[in-house]
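Notes follow once the structure below has been shown.
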Amino acid sequence: MAAGSGRKRRRKLQLSKLFTLTGAKACFKPDHSRIGRSGFSRVVFCNEPDSPEANSRNYCDNYVRTTKYTLTSFFPKSLFEQFRRVANFYFLVVGILSFTPLAPYTAVSAIVPLTFVILATMVKEGVEDWRRKQQDIEVNNRKVGVHRGNGNFDPTEWKSLRVGDILKVEKNEFFPADLVLLSSSYEDAVCYVETMNLDGETNLKLKQGLEVTLSFREELNFSDFEAFIKCEDPNANLYSFVGTIELNGVKYPLSPQQLLLRGSKLRNTDYIYGAVVFTGPDTKVVQNSTAPPSKRSMIERKMDRIIYLMFLVVVSLAFFGSVLFGISTRDDLQNGVMKRWYLKPDDSRIFFDPKRAPIAAIYHFLSALMLNSSFIPISLYVSIEIVKVLQSFFINQDIHMYYEEADKPAHARTSNLNEELGQVGTILSDKTGTLTCNSMEFIKCSIAGTAYGRAVTEVEMAIGMRKVSALVNQSNGSRTEDAVAAEPAVKGFNFRDERIMDGNWVSETHADVIQKFFRLLAVCHTVIPEVDEDTGKISYEAESPDEAAFVIAARELGFEFFTRTQTTLSVRELDLMTGERVERLYKVLNVLEFSSSRKRMSVIVQDQDGKLLLLSKGADSVMFERLSENGKKYEEATRDHVNEYADAGLRTLILAYRELDENEYEVFTERISEAKNSVSADREALIDEVTEKIEKDLVLLGATAVEDKLQNGVPDCIDKLAQAGIKIWVLTGDKMETAINIGFACSLLRRDMKQIIINLETPEIQQLEKSGEKYAIAEASKENVMRQITNGKVQLKVYGGNSEAFALIIDGKSLTYALEDDMKDIFLDLAIGCASVICCRSSPKQKALVTRLVKIGSGQTTLAIGDGANDVGMLQEADIGVGISGVEGMQAVMSSDIAIAQFRYLERLLLVHGHWCYRRISKMICYFFYKNITFGFTLFLYEAYTSFSTTPAYNDWYLSLYSVLFSSLPVICLGIFDQDVSAHFCLKFPVLYQEGVQNLLFSWRRILSWMFHGFCSAIIIFFLCKTSLESQAFNQDGKTAGREILGGTMYTCVVWVVSLQMVLTISYFTLIQHVVVWGSVVIWYFFLVVYGSLPIRVSTDAYMVFLEALAPAPSYWITTLFVVLSTMMPFFIFSAIQMRFFPMSHGTIKLLRYEDQCSNSGNFEMGRQKSVRRTLVMRSHQPES
């Protein structure tokens, strides 16, 4: 049959005749008795979605929405989100109060800035949600064939599907809803399904319709098709489905084997027919789509506390002023005369009434709260959001994190956590697919007790300095150094050994065993070959990378599997007697599938000579015990080789076979048929019992070893991250030996490290496990784990807590007990005291629990990185989740905060972008509060100077536009462009990263010092301006300075001071920063001219102030220059002293760079995984005298 544009052909296979453990015959199980009860009440009328009975059910449509807002909910919901922020709510209250007589300024000047900020944020939210809406439209408008009567299938949009519709889904299309499989292009109603979008797994799943529906293979068959399905209600369980289908009055049980889930894809099957049972929000994938956990960075949480602190400052200043105002007002009347006559208290009913001083003080308190609102930066939140979005854009566009081979750039899926990237203290990483490629290569094998394969694994190269590889020495007599690690010419095959390549195996002593070994690899599998008619090349569709690697290896070594039919399998192989290539046909009688409990896979075939052969491959833990006494000839040597392969970081399988006599096979066939057709609940156990009896008395052939290679750059990346003081934990499902050796290969473990190993492979525990007493086993295991943890802590104490000297390795069983409430804190203390931690045989739940323990217990920022669905819990639990967009699907990426294509990009993501983002956001927030305090405190000082009369020093629009127009753009550019050092030096000196881990730039000491600097600047500006302008002529006409002149002069000084402070704060100038910094000053003068030239009813007390009063007066310019220099001088002196005598990391690097000493980084070399102390960074950069 034709198979798409690639012109590939593949024969239809009636796979039900191959698979012993999966068949079209279904059986009723206990759960089926619950059909019709609560939780199992769904009724589907197949092919009759418009019937009255179907319409009465009111099932939801198939439209799926992932947007946060709808057209009607956007405005109210978005407003609610904005005013949940305490600062925005405060300015809303101030805006409302500005309409009352209490306001010290006009209502318009208070409302306009708030409106601008809120609208800007709402526009950003709207744009992001519109993008999600566009994605929804694209998905919901996809089309699929739907039966519309008389056997006609019309293309219909996904969103229009209804429960009961009969669909025709074609090859490589996604399933639009949850379907019950009725039939397929194969005769036995099987189909292959890719569930990558659901569980992250790339291997194909085999689904099969019921025997009763497999005859419906043509469109016309559905013209009068009627069926009645009862099943479970919508739920989130992807791996369960209970239901019945009624055809012609007979009920048949349905199982997960017949369920096709929305989001999965049809593969290797031309088409299928299915009935819709769940639509839209009822589908299992949507039921599983929980909102990702809300993550906020440490800096953002701390910023909220700073806002509360500023509220306290505002309230305290207002309360202090109100008390003094109340006292002054009470004492204002002397002998019937008002002392403060200039405030016109006679015209006031309350505000200045000496007889009602307490009430006047209360009103003053409210007015002062509004006047002092300048202390709270109204544009802080929106500015930070803008900065973070643009920072994310730069991360996405970084060419150094673009993986050209897969055309995948880095992708920051959320911008909320940019600065957290610069504060990571612990990384928790998956291994397979994250540190490794998840691309298997056949690299070594052991046949008849002889090791073959000259290639050197990455692990062997890494541990070559630790010990001589006995494996290579025994196999070829050469030294490890002589082997050259080259890229394989054939994907999946990296085997080199002239003894058995190019047909040379026929000359080996055990040529007959070698022939059986590779014949087994070519026959024992479920792979489907595809032949490209243009090139004649054969490619293989396999359920796992391991399967494909074995078949490819057999082909490259002379045993080419090239054809499969529904009952046969053909192999081209070298005949041992004639030395010529011949085609051999094997009749496939049964396939005993692999499962996690069986840990093996077998096939029963009949060769051309009529021999019945059982070919089996599986894990060493189950295969060696199934060998016959006569089949153990090579067991000892094979065991040694398997252990050496594990030491080399390779995955191993044992290969064995046996010949069956016809009587034995007939008995097996009868028993397996009985077990398959059983309707009892223990059907699976009966099948296992039958297979156990035939998979025994095997003859050992040898073992295979495949390598899951490390990704490029992983060792260097881990080493650099360790130099930055980041601790790395690896959480893997691999065996302990494999994990340890991968640890050496990727530089996680070093030769000088002492390993603290915690496991339950002790004689006493093994003895208890044989007894089967679960309670005793649990108690003894827990006690054993506690003893090992305690001993580990003692070792740490003996070495003075030097974490660099230790690595902790713990297996999954031990981890179960170590994570219990009464032991987890002790375990965490031990783990934190070690430089590296490896958790082996970890389940997905354990990964998430370990991540939570480290996050809560250590108090450090945690980053989890993984690539598969089993890593989702870990990614969501960590402060930052990084998904690897590798070959295990998109589930991890979809649950992550940031996606990268290769582990090595984590180095640049953290040490460069993380460091920059942390510094930028920290400096930006500190500067925001500095500039607002500088501005706001001048207002308070002027109010105090005017007897706390709540008279503002500045014009209303001066007040409103300060944070929005005159000081916001420079600080935004600081957050986007500033760099303390270049990317090259960030990577060259990873010690810089410790500034973020120790939070040196956003500590309370630093925050309060910036605030103190703001208060000092405000005091200098106010008193110097006031003193220089009072009691003397301001201009040549002899006029003294009034409020508008003093206010204009102070405002000019404030704008100049905060702009020059920005100049001193910026480490890396760009043209844009020059434009916005100096442009802010220019805009201020431009505003003075334009606003002052407007009619007096608009400009009020700012009318012609600059043109007629300030600009012509030399004292204005002299005062501005003197005040600005005086204000900036203390900070300039402080910065010079700090840079020279107490430099931070970046400061010292700058000094060395200017002195051309950066070529020698010895002064900065940081020991790996040192404890995080404040003195670490400070002491490590003292320049040599």
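Cβ from N, Cα, C; glycine included.
Predicted automatically and left uncurated, TrEMBL annotations should be read as such.
According to TrEMBL, the features are:
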type     : residues                                                                                                       : note
DOMAIN   : 44-110                                                                                                         : domain 'P-type ATPase N-terminal'
TRANSMEM : 83-99                                                                                                          : transmembrane segment
TRANSMEM : 105-123                                                                                                        : transmembrane segment
TRANSMEM : 306-327                                                                                                        : transmembrane segment
TRANSMEM : 361-384                                                                                                        : transmembrane segment
ACT_SITE : ASP430                                                                                                         : active site, 4-aspartylphosphate intermediate
BINDING  : ASP430, LYS431, THR432, GLU547, PHE594, LYS617, ARG651, THR732, GLY733, ASP734, ARG841, LYS847, ASN870, ASP871 : ATP binding site
BINDING  : ASP430, THR432, ASP867, ASP871                                                                                 : Mg(2+) binding site
DOMAIN   : 893-1143                                                                                                       : domain 'P-type ATPase C-terminal'
TRANSMEM : 928-945                                                                                                        : transmembrane segment
TRANSMEM : 957-977                                                                                                        : transmembrane segment
TRANSMEM : 1007-1029                                                                                                      : transmembrane segment
TRANSMEM : 1049-1069                                                                                                      : transmembrane segment
TRANSMEM : 1076-1096                                                                                                      : transmembrane segment
TRANSMEM : 1116-1137                                                                                                      : transmembrane segment
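Recorded features from TrEMBL, shown on the structure.
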residue : record                                        : contacts (Cβ under 8 Å, 6+ apart)
ASP430  : active site, 4-aspartylphosphate intermediate : VAL730, LEU731, THR732, LYS847, ILE865, GLY866, ASP867, GLY868, ASN870, ASP871, MET874
PHE594  : ATP binding site                              : ARG600, MET601, GLY618
ARG651  : ATP binding site                              : MET440, ASP546, ALA705, VAL706, GLU707, ASP708, THR738
GLY733  : ATP binding site                              : THR432, GLY812, CYS840, ARG841, SER842, SER843, ASN870
Cβ contacts under 8 Å made by the transmembrane segment (1076-1096) with residues that lie 6+ beyond its boundaries: 957, 961, 965-967, 969-970, 972-973, 1048, 1051-1052, 1055-1056, 1059, 1062-1063, 1066, 1102-1107, 1110
Contact check, the transmembrane segment (105-123) vs the transmembrane segment (1116-1137), 3+ Cβ pairs under 8 Å, seq sep 6+: no
Long-range environment of the transmembrane segment (83-99) - Cβ separation under 8 angstroms, sequence gap at least 6: 105-107, 109-111, 113-114, 117-118, 304, 307-308, 311, 366, 369-370, 373, 376-378, 380-381
Cβ contacts under 8 Å made by the transmembrane segment (1049-1069) with residues that lie 6+ beyond its boundaries: 923, 927, 930-931, 934-935, 938, 942, 953-954, 958, 962, 966-967, 970-971, 974, 977-981, 1017, 1021-1022, 1025, 1029, 1041, 1077-1078, 1080-1081, 1084, 1110, 1116, 1119-1120, 1123-1124, 1127-1128, 1131-1132, 1135, 1146
Cβ-based contact of the transmembrane segment (928-945) with the transmembrane segment (1116-1137), 3 or more pairs under 8 Å: no
Site with most surrounding Cβ atoms, counting all protein chains shown within 10 Å, from the binding-site residues THR432, ASN870: ASN870
Residue numbers, six or more beyond the limits of the transmembrane segment (361-384), whose CB comes under 8 Å of its CB atoms: 85, 87-88, 90-91, 94, 97-98, 102-105, 110, 113-114, 117, 120-121, 303, 307, 310-311, 313-315, 317-319, 321-323, 325-326, 329, 350-351, 921, 924-925, 928-929, 931-933, 935-937, 939-940, 943, 948, 950, 952, 959, 962-964, 968, 971-972, 975
Residues ASP430, LYS431, THR432, GLU547, PHE594, LYS617, ARG651, THR732, GLY733, ASP734, ARG841, LYS847, ASN870, ASP871 [recorded ATP binders]: greatest CA to CA distance in Å: 30
The domain 'P-type ATPase C-terminal' (893-1143) [mean pLDDT, rounded to integer]: 90
Secondary structure content, the domain 'P-type ATPase N-terminal' (44-110) (per DSSP, counts of residues): 30 helix, 3 strand, 34 coil
Cβ neighbour count (within 10 Å, all chains shown) around ARG841 (ATP binding site): 18
Cβ packing number for ASP867 (Mg(2+) binding site), 10 Å threshold: 31
